[in-house]
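Enquirer: Pasting a structure below so you can have a look.
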Amino acid sequence: MNGLICAQFLHTVMLPAWLHTWSLSLQLHLQQWEETAAQQGKLSAQCPALQHNVRLHESPGNQILQGTNFSMTPVQHSNTEEEDHSLPLGEPGAQQCHVQRYPAQKVPFCCSARYNLAGMALFGFFMVYALRVNLSVALVDMINSTSSALENTSAKICPVHNNITPAVQHNSTGKKYNFEPDMQGWILASFFYGYILTQIPGGYLAGKIGGKRLLGIGIFCTSALTLLTPLAADLGAGYLIAVRVIEGFGEGVAYPAMHAMWSQWAPPLERSRLVSLTFAGAELGTVVSLPLSGLICYYIDWSYVFYIFGAIGVLWFIMWLFIVSDAPHLHKSISDSEKQYILSALQNQLSQQKTVPVCAIIKSMPLWAIVVAHFSYNWTFYTLLTLLPTYMKDILRFNAQENGFLSALPYFGCWVCMNITGLLADYMREKRNYSTVVVRKIFNTLGMIGPAVFLVAAGYIGCDYKLAVAFLTLSTTIGGFSVSGYNINHLDIAPSYAGLLLGITNTFATIPGMVGPVIAKRITHENTVEQWQVVFYIAAAINVFGAIFFLIFASGTVQHWAVTQKKEDEE
């Protein structure tokens with residue numbers, strides 16, 4: 001009976017009311033269209049070069065273009081943070097105008113070329129970090145723990161806790177090596193000595209030849225060398241270090257190459273989610289490779305860690321070559337609507353300069369804000385990435401199987417956080433009209449101060465392994481906020497040079513990977529809780545400094561040197 005009454009009410013009251021509302025809305029839209037057409041005809045005489053020199057007025061919610069559905073208004077110069085980079089239209093002396101296009105319906109992300117690129121790039125960075133961090137777990141199993149030089153009674157402060165994994169016999173057929181603690185630090189750090197050398201060249205080459213080939217070849221070379229890692233270890237520590245250095249050469253081009261590709265593919269209001277989705281692959285690679293490496297070491301042999309991941313990397317390279325393209329206009333199967341959507345959104349953000357404005361880049365404080373933040377964040381990140389398995393084994397007393405799973409837990413949290421914060425950052429910019437710089441500073445501050453707090457706390461809980469794992473997980477998880485902070489800011493301040501800028505910042509940010517493990521190994525030579533507290537203190541202090549520096553000097557607008565053409569003659 002109640003259902004019949006509701007149905008009658010909908011039929012007699014709600015439906016006519018809805019039709020009336022729809023009719024009024026249609027009339028209003030028609031009236032607005034007529035007014036727009038009249039205004040367009042009136043102003044077109046003031047903007048004679050309209051059809052040849054259309055510039056996009058960059059403001060929140062107004063960067064999506066739709067065909068010829070636009071209106072024109074005189075340029076209103078403002079001093080707001082979201083600066084208008086539109087150029088004068090028409091002949092000299094004519095009134096300056098800009099075109100303000102009505103928001104178009106976004107091209108669906110499902111099966112789109114730009115999200116296919118994001119998916120392939122995600123798995124690419126999955127391999128980048130899987131190939132990088134597998135040694136951190138494998139090295140624990142490669143070392144002869146019965147060596148007198150490595151036997152350390154002071155490390156046995158924490159009691160052995162109950163085993164939380166099934167009682168399965170640990171496979172111990174793999175070869176063991178008597179690498180000293182200092183040598184272990186050099187082995188873990190050696191990757192970054194090659195990695196740092198190809199950052200800036202990688203960014204420059206990506207701008208010249210495109211990021212597709214550069215990223216693909218870099219991961220392929222690293223994968224091939226990973227297959228040779230067991231042989232290098234058998235030949236000696238020097239050979240192992242040499243292989244890791246060359247692997248660093250290959251992976252050093254990855255981030256600059258990817259930023260160069262996104263400068264051509266990512267619409268401004270989708271940058272956070274696309275870049276976060278891509279670089280979340282690095283966390284996913286860490287999440288999978290750490291426990292999987294632990295399982296392989298535990299049940300099979302540590303050498304298979306390198307054989308399996310190396311083979312997967314080669315397979316990814318083959319797929320990458322056939323699926324992606326450097327830019328939308330080079331993609332063979334992209335839809336016309338998506339291509340127009342991307343190209344229109346980026347048309348006033350890319351520079352026409354043929355030379356790199358080196359002096360302007362060096363003097364740019366917004367760039368140095370990214371450099372300091374990137375360096376600071378990576379100090380904590382690389383410290384945990386390379387030494388967390390050692391901390392889990394020597395202080396918290398986990399075996400190889402447990403070690404792999406628990407060392408991966410923080411990066412699983414970071415992976416989840418990165419994907420959520422990417423969507424949230426774009427939502428704040430597009431729907432809530434927060435300026436770019438405000439969004440970047442908020443997310444970067446959370447992503448650097450939060451980890452510092454929990455890292456210090458982790459050093460004070462001693463042998464409470466449950467709380468230690470919880471604090472370390474929270475520290476790395478909250479760090480995911482910074483991906484929508486400093487990590488994407490290169491694309492905000494200079495889209496045309498994003499690859500080069502990331503190469504510059506990542507060069508400085510690689511230094512922590514080179515010296516961090518060595519310093520930490522020297523500090524923790526006795527593996528006491530107090531010594532690890534010092535390691536965590538240093539990382540936290542550097543993180544806080546980087547957050548404050550970025551908060552003061554960061555910017556969210558395209559810099560003048562990144563969009564203007566170079567004058568032939570100086571006035």
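Using N, Cα and C of the backbone, Cβ positions are placed for all residues, glycine too.
I grabbed these lines from TrEMBL:
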type: SIGNAL; residues: 1-25; note: signal peptide
type: TRANSMEM; residues: 115-132; note: transmembrane segment
type: DOMAIN; residues: 133-558; note: domain 'Major facilitator superfamily (MFS) profile'
type: TRANSMEM; residues: 186-207; note: transmembrane segment
type: TRANSMEM; residues: 214-233; note: transmembrane segment
type: TRANSMEM; residues: 304-324; note: transmembrane segment
type: TRANSMEM; residues: 367-388; note: transmembrane segment
type: TRANSMEM; residues: 408-429; note: transmembrane segment
type: TRANSMEM; residues: 441-461; note: transmembrane segment
type: TRANSMEM; residues: 467-488; note: transmembrane segment
type: TRANSMEM; residues: 500-520; note: transmembrane segment
type: TRANSMEM; residues: 532-558; note: transmembrane segment
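Distances, neighbours, how buried they are, the whole picture for these features please.
Expert: Long-range contacts of the transmembrane segment (115-132) within its own chain (CB-CB distance under 8 A, at least 6 residues past either end) are made by residues 109, 191, 215, 219, 222-223, 226, 247, 251, 254, 258, 261, 265, 274, 277-286, 288-289, 309-310, 312-313, 316, 319-320, 323-324.
If you look at the transmembrane segment (186-207), the same-chain residues 6 or more away from its ends with a CB under 8 A from one of its CBs are 132, 135-136, 139, 179, 214, 218, 237, 240-242, 244-257, 259-261, 356, 382, 386-387, 496-497, 499-504, 506-507, 510-511, 513-518.
Panel annotation: around the transmembrane segment (214-233), residues 121, 124, 127-128, 131, 134-135, 142, 175, 177, 198, 202, 205-206, 239-240, 242-243, 246-247, 249-254, 257-258, 261, 303, 306-307, 309-314, 316-317, 320-321 of the same chain, lying at least six beyond its termini, place a Cβ under 8 Å from a Cβ of the stretch.
Within its own chain, the transmembrane segment (408-429) is flanked in space by residues 60, 269-277, 279-280, 283-284, 286-291, 384, 388, 435-436, 439, 443, 469, 472-481, 483-484, which lie at least six positions past its ends and keep a Cβ under 8 Å from the stretch.
Same-chain residues lying 6+ beyond the ends of the transmembrane segment (441-461) with a Cβ under 8 Å from its Cβ atoms: 373, 376-377, 380, 421, 425, 467-468, 471-472, 474-476, 478-486, 529, 532-533, 535-537, 539-541, 543-544, 546-547, 550-551, 554.
Tertiary proximity for the transmembrane segment (467-488) is limited to same-chain residues at least six positions away from its ends with a CB under 8 Å from its CB atoms, namely 271-272, 275-276, 279-280, 283, 369-370, 373-374, 377, 380-381, 384, 388, 396, 406, 409-411, 413-418, 420-422, 424-425, 439-448, 450-455, 457-458, 461, 550, 554.
Residues 182, 185-186, 188-189, 191-193, 195-196, 199-204, 206-207, 252, 255-256, 259, 356, 361, 367, 370-371, 374-375, 377-379, 381-383, 386-387, 490, 493-494, 535, 538 of the same chain sit 6 or more residues outside the transmembrane segment (500-520) yet have a Cβ under 8 Å from a Cβ within it.
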